[in-house]
Ligand code: OAD
């Protein structure tokens, strides 16, 4: 037992749910040591303008800076471990039908043993050629902590520049992943929204979609967010505290 009190209403809906969809954002990985995007002190973007880094325009302007930034993030994730929140979802997934759709470009859900049906914003570990689209995993660059610029490697097929496998601002979401996320929400009777500020659409629209299809929406987040109003229950706790306590309480 974790000794954390789980709101009884949350236990009740979780117990009766036959199909669960869990929508995650950067907060689920925060306790693994991966900074969230919008944390004022430690956010990955506190020193940079995200538009310079995560946009087609930024890439056109300075691909070495953008590739270097993604390499830095990939290295940070490689050195991090899944936390108790990721692990609790894995355990829960072994007991009920539970779909995980994430905005995160890390692989911590998978490394915890979960199956993820959708990485709607792509992956740090799936770069592709910016010209011919070939997916190829180059050897990780020996990362130089003193430099934030790393020239992107060349495509082994056409010689074009490899680009990060993340979705950038202004780009469409990968269709298969988005469809999978929508279907998970539409078929769920419980939608648990964990660790997202709910400001980036279309993902931020999923809780409203869940409400309109009759699912119960539970938010796990230490603070109020843009989508808190969409939740039937708002549980102010962290992912690595709340999720294990919830899963334990369902035994
Ligand atoms: P944000 O950084 O916007 O929000 C992180 C959320 O996690 C905040 O609401 C925090 O309160 C919450 N949080 C922090 N620590 C937590 C913890 N230990 N447990 C639970 N919650 C915690 O991250 P996202 O909402 O994921 O997209 O950002 C969405 C998208 O914005 C990203 O996928 C990225 C960015 O633009 C792209 O790169 C396309």
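Cβ coordinates come from backbone N, Cα and C, glycine included.
Given the ranges 94-113, 114-133, 134-153, the record in TrEMBL names 134-153 as region 'Disordered'. Among 88, 239, 240, only 239 appears in TrEMBL as part of the NAD(+) site alongside 103, 104, 105, 106, 195, 196, 197, 221, 222, 223. The average pLDDT the prediction assigns to the domain 'Deacetylase sirtuin-type' (1-251) is 92. According to DSSP, residue 121 (active site, proton acceptor) sits in a coil region rather than a helix or strand. For ligand 1, the neighbouring binding-site residues among 73, 103, 195 are 103, 195, by Cβ distance under 6 Å.
Here the CA atom of residue 121 (active site, proton acceptor) lies 15 Å from the CA atom of residue 197 (NAD(+) binding site).
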